[in-house]
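Copied from TrEMBL, the annotated features are:
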- 40-64: transmembrane segment (TRANSMEM)
- 85-107: transmembrane segment (TRANSMEM)
- 113-133: transmembrane segment (TRANSMEM)
- 195-225: domain '4Fe-4S ferredoxin-type' (DOMAIN)
- 237-255: transmembrane segment (TRANSMEM)
- 290-311: transmembrane segment (TRANSMEM)
- 323-340: transmembrane segment (TRANSMEM)
- 380-400: transmembrane segment (TRANSMEM)
- 421-437: transmembrane segment (TRANSMEM)
Amino acid sequence: MLAVFISLAVIGCGHFAPEGVNDKLYAKTNIVNLMVWGLWWPSMVWLAVLFGRVWCMVCPLELVANGTERVARRLGVKQLVLGKWLRSGALIVGIYALIQLLVAGAHLHRVPAYTSLFLWGLLGTAGLVGFFIKDRAFCRGFCPVGLLLSTYGRGGMLAVRAGSGRICNTCTGKDCIMACNRTKLSGRSCPSLLNPPKLNSNRDCLVCGQCIKACKPDNMQLILRRPFHPSDVREPAASWPVTIFVIIVSGFVTGELCSEWKTAQSVFLWLPDHFTEYFSLSSVGGWIEGVWMIGIYPLLLWFVLGILAAFNSDNAFVVIRSWRFLALPLAVIVSSGHMAKGLAKFTSWIGFFPHALKDPMGIMTASGISSKAIQQPVPLLSISVVSLIGMALVITGIYFSIREARLANPETYHQRLAPKLVLVVLFAFIIFGWGYIK
Ligand code: SF4
Ligand code: SF4
Ligand code: SF4
């Protein structure tokens with residue numbers, strides 16, 4: 001994976017869409033954009049929801065950070081401990097929002113040169129953080145997709161758990177926890193500083209398998225279970241960084257869903273587009289759309305959802321506090337909408353992959369398609385089929401969302417049903433529009 005990562009970063013270096021070629025088309029024909037934004041990103045969303053943090057198993061950034069952490073130790077560098085606010089994910093929310101802004105404003109996802117800078121930036125940051133801060137600090141406090149994976153992946157079917165509690169209680173070695181094992185090459189005690197025998201959530205476990213290798217009584221297991229397993233612990237209220245992340249991503253996902261249906265897109269972007277036109281700000285129109293999508297619109301949406309959740313209260317603080325109770329159950333619906341968009345994107349971009357293998361820079365392919373010398377690849381699935389699957393996903397999402405809310409707050413969950421229904425109807429309507437409303 002590290003080799004693929006570096007190859008993409010090298011190939012994309014300094015490449016922009018050629019003159020006369022639409023950058024939207026070029027994004028699909030250039031192998032860097034195609035693989036990072038068209039194939040890997042949607043796949044990661046699907047994998048996270050279905051299998052938890054399975055991407056972390058093979059992530060090259062963890063490898064780089066681990067490598068520099070070892071080098072720093074060898075060199076006798078006095079490494080820092082990750083601070084509490086970084087551990088909370090506060091910086092990750094900011095990085096995630098910045099990436100979405102760069103996508104909207106600078107078209108990060110359409111320009112190979114920017115994608116390359118992004119990849120080099122990730123590699124460099126992982127290396128530096130690993131060097132100066134110990135104990136998997138990059139994953140725990142800096143990784144831009146860390147919160148996405150930990151929030152979407154909670155109900156994932158793949159999990160690392162201890163088998164028998166009795167074996168752990170009588171275990172004298174405790175190799176999965178002992179600090180002296182932390183620097184081993186293989187069979188380390190948990191590098192994320194978790195307590196493997198007590199693991200009861202997918203939230204922070206990177207499925208790295210170190211505790212499984214470390215456990216001499218062979219009691220740690222990698223298991224495949226049904227989704228949203230009831231034995232996992234549920235937090236009654238999400239932390240503020242997670243809540244803000246879900247708010248931001250709900251806006252992003254609404255915008256992305258609307259982008260598949262022209263009418264919905266023009267309604268969604270009516271306000272920012274008119275603002276841009278009225279003040280003649282077309283040169284920064286993309287940035288304004290970005291601020292609308294991940295800032296203003298989600299705040300308006302969550303204000304309405306909060307009022308619905310706390311309808312018998314006229315106190316604004318109660319409305320805002322209700323966001324923390326809504327965040328994790330609503331994240332299930334948001335992630336199902338994200339999967340629907342991911343499917344639409346993946347199936348319409350994957351046809352470009354054979355062309356990208358023959359012409360990695362994508363210039364000839366893009367020019368050929370523009371001049372109609374090459375036929376544009378057809379999507380793998382028709383939009384009406386994708387629309388049906390998308391609706392099935394969000395309907396499944398509302399079921400699990402209500403179930404999650406009930407397991408987290410059995411006494412009060414029924415008071416917050418309305419926001420879930422509003423969000424699912426909104427998403428289902430937009431997805432229905434993709435295939436069935438012209
Ligand atoms: S948390 Fe981020 S950097 Fe760490 S393994 Fe997972 S995806 Fe990679
Ligand atoms: S997981 Fe294994 S090593 Fe850790 S306490 Fe249990 S039996 Fe011991
Ligand atoms: S060592 Fe075990 S508990 Fe810790 S992150 Fe890896 S798989 Fe998860």
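Cβ atoms are placed via backbone N, Cα and C, with glycine included.
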Selected stretch (most C-beta pairs under 8 A with the transmembrane segment (237-255)) from 40-64, 113-133, 290-311, 323-340: 323-340
Beyond the flanks of the transmembrane segment (380-400) by at least 6 residues, Cβ under 8 Å: 155, 227-228, 260, 332-333, 335-337, 339-341, 343-344, 346-348, 350-351, 420-421, 424, 427-428, 431-436
Chain residues in Cβ proximity to the domain '4Fe-4S ferredoxin-type' (195-225) (below 8 Å; excluding those fewer than six residues from its ends, i.e. six or more beyond): 52-54, 56-57, 59, 62, 136, 139-140, 150, 153-165, 167-168, 171, 173, 175-177, 181, 184, 186-189, 231-233
Best-contacting stretch, by C-beta pairs under 8 Å, relative to the transmembrane segment (85-107) and drawn from 40-64, 290-311, 323-340, 421-437: 290-311
Counts of helix, strand and coil residues, the domain '4Fe-4S ferredoxin-type' (195-225), according to DSSP: 8 helix, 5 strand, 18 coil
Highest-contact recorded stretch vs the transmembrane segment (290-311), from 113-133, 323-340, 421-437, CB pairs under 8 Å: 323-340
